[in-house]
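Engineer: Feature annotation from Swiss-Prot assigns active site to S165, D262, H292; the stated evidence is sequence analysis.
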Amino acid sequence: MKPENKSPVLDLISAGMKTVVNTLQPDLPPWPATGTIAEQRQYYTLERRFWNAGAPEMATRAYMVPTKYGQVETRLFCPQPDSPATLFYLHGGGFILGNLDTHDRIMRLLASYSQCTVIGIDYTLSPEARFPQAIEEIVAACCYFHQQAEDYQINMSRIGFAGDSAGAMLALASALWLRDKQIDCGKIAGVLLWYGLYGLRDSVTRRLLGGVWDGLTQQDLQMYEEAYLSNDADRESPYYCLFNNDLTREVPPCFIAGAEFDPLLDDSRLLYQTLAAHQQPCEFKLYPGTLHAFLHYSRMMKTADEALRDGAQFFTAQL
């Protein structure tokens, strides 16, 4: 689409979202647009420090988990000793950015609001890791903690997956992987999905929205995909294009959150409509006035905190 025809998003977002967009960090260098991926990852981690401040304190433990690809770091957030379930969190970042530090506040709030143990999995980023390595690492971590639940003093009888953006795709893909391959890691009580991508190649929102403000132009989305996938055939894999999977049966209850001015919004809408059409348990909520990635900004933005509370409430209602 000709750029001039796109929606004037920055004029339409909420007052709270505008405050976030206009918040400056004076000691932060400019985004290294032409830098290496290592430099961009470093910048992303530095930029998120401000937004992660002031998160709830709780018992936190770090463990390295063995997988066939090597060791993967995990971080456990334990809000109480008698957790009713364990929720695995997969961070967003277009498959190429992000880590356990960039999403620390999100995981802490989710643990606090749900009173469940939250385990963040620092899956290997792309392009170093290609599909389906991240999913296989997530599944391996889930199996590891299921087998070692008593040693780690966690409740793995009921589990869930949660994620934002690319992490939302990984969350649902991992749940479907466990179902399809009949791997028992505990009952999957729910899946929490904030503004994910689930396999659409094109859509109204992908045409109308997306720009330099969110890093989600059509060119950006293509770049993330090319970094993540091994080959063209992977685009049709039921664990990348999740609409090619069987969404008519045994899908865990899904909380699907959409951001109003997110180019990926139609992915969330289609996922909800598909699940609902086949009587699969699901809930969709649209957060007005928001951009993609708004979940990070709960320090300043009430809507972000609300979205985390909504997800936590949905999950605990399934227990």
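Every residue, even glycine, has its Cβ placed from backbone N, Cα and C.
The structure displayed is predicted, hence computed values, not measured ones.
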Engineer: If you skip the near sequence neighbours and keep only those at least six away, which residues in the chain come within under 8 angstroms of S165 (active site), Cβ to Cβ?
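Structural biologist: In sequence order, the residues whose Cβ lies under 8 Å from that of S165 (active site) (at least 6 apart) are G92, G93, G94, W194, Y195, G196, L197, L264, H292, A293.
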Engineer: What same-chain residues, at least 6 away in sequence, bring their CB to under 8 Å of the CB of D262 (active site)?
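Structural biologist: Non-local contacts for D262 (active site): Y195, T205, L209, D214, L216, T290, L291, H292.
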Engineer: Quick one: give me the count of other CB atoms within 10 A of the CB of H292 (active site).
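Structural biologist: The answer is 24 other Cβ atoms.
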